[in-house]
Amino acid sequence: MHASLASYAAAAMPALDLRPEIAHAHQPVMSPSHHGWDGNGATAVPTPMPKRLDGKVAIVTGGARGIGEAIVRLFAKHGARVVIADIDDAAGEALASALGPQVSFVRCDVSVEDDVRRAVDWALSRHGGRLDVYCNNAGVLGRQTRAARSILSFDAAEFDRVLRVNALGAALGMKHAARAMAPRRAGSIVSVASVAAVLGGLGPHAYTASKHAIVGLTKNAACELRAHGVRVNCVSPFGVATPMLINAWRQGHDDATADADRDLDLDLDVTVPSDQEVEKMEEVVRGLATLKGPTLRPRDIAEAVLFLASDEARYISGHNLVVDGGVTTSRNLIGL
């Protein structure tokens, strides 16, 4: 197994879901305990579970595709009115249209404070001055040439760009979400970080620094906002096979043909990989995983975000929920 391929697979935040396991937003949520036998020898009739975000208002940045799309769909399925905040107009509007009137789209570049402010204000005006959940999901990986990956030769402008999107974007989201939530003395802010914020050597320097920043911001903001009844948490996922990840690996291992000026971070720029490439990357991820059996998919990360966003986590704040099958616990990443 190639060490660099393994590093990308372990740490990179995915941009697109190639094989979605995402239920439609309007599909009823069924209780697993009500499937099969009812204990009296008869087959029980499935009954809907309570929707965990029923009536709540949520903003999901980077919600047009990938993990963000999985979060949007799951939030809507659980009764939330969801605002997709993304730079991909076509994908965002298409997703909102597909999910119905409870989901809407607003264009938002999270590295621009005016955009973040407008997105929050737009959600408040649309939903009666209410914002219950803000999910900082938008992020970029950064350029993946050999020079860009080295501490000896990285480009300062590119480093700054990645931190502006990933770290500043999360901070601005927390700032304006808290502005809306604090007066109501309630709310949940959930950010998507990475296992690269837990173990060193798993990702590019700018990306790793930005994800550490998200964990630090989460803890600091949780300390400040607890007095206002606002919870702040983050989720750090393991690798998921996505076009962004696969394209980054291609660029990083073909410096002879790589265009150092090409952005491979944004969903709009990636080339959809073949099924064989997806299977290869998923094989790499499964090989690195210490929990054998399931393959981590965007839906798994969305479920973790849903938990932290919901009242089921009402006394959890300042926490980094690592979704990695125990990799960072055992630190058993052979080949990295």
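Indices start at 1 and increase along the chain as displayed.
Each residue, glycine too, has its Cβ placed from N, Cα and C.
Annotation note: Tyr207 (active site, proton acceptor) sits in a helical segment as assigned by DSSP. The active site, proton acceptor annotation in Swiss-Prot covers Tyr207 and is backed by similarity to another entry.
Among the features that Swiss-Prot reports, NAD(+) binding site is placed at 59-83, with the record citing similarity to another entry. In the shown protein chains, 30 other C-beta atoms lie within 10 A of the C-beta of Ile67 (NAD(+) binding site).
If you look up Swiss-Prot, you'll see Ser194 marked as substrate binding site, on the strength of similarity to another entry.
The secondary structure of Phe75 (NAD(+) binding site), as reduced to three states from DSSP, is helical. A separation of roughly 27 Å, to the nearest angstrom, links the Cα atoms of Phe75 (NAD(+) binding site) and Tyr207 (active site, proton acceptor). For Val83 (NAD(+) binding site), applying a Cβ distance below 8 Å and a minimum sequence separation of six or more within one chain yields Val57, Ala58, Ile59, Val60, Val103, Ser104, Phe105, Val106, Ala119, Trp122, Ala123, Arg126. By neighbour count, meaning other C-beta atoms within 10 Å, the densest spot among the binding-site residues Gly63, Gly79 is Gly63. When the Cα atoms are compared, Gly63 (NAD(+) binding site) and Ser194 (substrate binding site) turn out to be 17 Å apart.
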